Amino acid sequence: MIEELLPAPVAAAEAFDDPEAALKGLYPQEEAAIALAVPDRRSEFATARWCARRAMGALGLPPVPLLSSTRGAPQWPVGVVGSMTHCAGYRAAAVSRSADFMALGIDAEPNGPLPAGILEVISLERERAWVRALGSARRQVHWDRVLFSAKESVFKVWYPLTRRELDFNEAEIEIEPDAGTFSARLLVPAPEVAGNALEAIAGRWMCREDLVITAIALHRPAGQRPWTHRSSSAHAFPGSSSPPT
């Protein structure tokens, strides 16, 4: 499903269960990172990385360990950008070369209402207004979940590029219910990313199989070379480079 939301040449893979191959495919470094985790956490961690390595393989990239930063963001190899997501009954990853895209953000949520009180925490009044309006007219979609998922995808794009936190009330989401798209207007001073002011972010969404899924692919401007960052712990692929994540 998720590949329908992403442009070429982004590669994506998804799973609706946790295959044994995913747990058996963990690298020792990954095993160590979740040594104390409960079984459910181990399963989602392993399957999300299994999906990521399948997506990397579709791009002709070799499999590598995928650890998390102290902030919890996946640490992709040099030359690669990507995003992972997981919720009950679903895991997915999207990957591209950094020469094509500056950042990717994906998120999946159950198509159900947010817990009581959460909408008020994660939204602006204008957003709550359209959630109420759409909820009255189109009850098959839980629009508060679409809003939450869109904000999660926005953060997954924002943070690797800026290394700054972004509060829920610092991005205003507008949904196009018929087009399956959304836009985020950033309500903080626009940082410069790759020579351009990052003021707005656009993405796509879908509701299917009892899931809400959102995705953002932030294109790299034509003719612009990605910033090269290399470290002794980073995997590098010939002819490619990317910012650290």
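Every residue gets a Cβ built from N, Cα and C, even glycine.
Straight from TrEMBL, the features:
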DOMAIN    29-96  domain '4'-phosphopantetheinyl transferase N-terminal'
BINDING   Arg41, Arg49, Thr85, His86, Asp107, Glu152, Lys156, Leu166  CoA binding site
DOMAIN    104-179  domain '4'-phosphopantetheinyl transferase'
BINDING   Asp107, Ala108, Glu109  Mg(2+) binding site
REGION    225-245  region 'Disordered'
COMPBIAS  231-245  compositional bias 'Low complexity'
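Of all the binding-site residues listed (Arg41, Arg49, His86, Lys156), Arg41 has the fewest other CB atoms within 10 A of its CB. In this record, CoA is bound by Arg41, Arg49, Thr85, His86, Asp107, Glu152, Lys156, Leu166; the longest C-alpha to C-alpha distance in that set is 25 Å. If you count neighbouring Cβ atoms within 10 Å for each of the binding-site residues Asp107, Glu109, the highest count belongs to Asp107.
A simple way to gauge crowding: the CB of Ala108 (Mg(2+) binding site) has 24 other CB atoms within 10 angstroms, across all the protein chains here. Annotation for Leu166 (CoA binding site): same-chain Cβ neighbours under 8 Å, separated by at least 6 residues, are Val154, Phe155, Trp158, Tyr159, Leu186, Val188. Each residue contributes its Cα atom, and for Thr85 (CoA binding site) and Ala108 (Mg(2+) binding site) those atoms are 6 Å apart. Across the fold, the C-alpha of Ala108 (Mg(2+) binding site) and the C-alpha of His86 (CoA binding site) stand 6 Å from each other.
With respect to their backbone Cα atoms, Glu152 (CoA binding site) and Glu109 (Mg(2+) binding site) stand 10 Å from each other. Take the CB of Thr85 (CoA binding site) and look out to 10 A: across all protein chains shown you find 26 other CB atoms. Mapped onto DSSP classes, the domain '4'-phosphopantetheinyl transferase N-terminal' (29-96) shows 25 helix, 18 strand, 25 coil. Calculated from their C-alpha atoms, the gap between Lys156 (CoA binding site) and Glu109 (Mg(2+) binding site) amounts to 15 Å.
Note: the Cα of His86 (CoA binding site) and the Cα of Glu109 (Mg(2+) binding site) are spaced 8 Å from each other.
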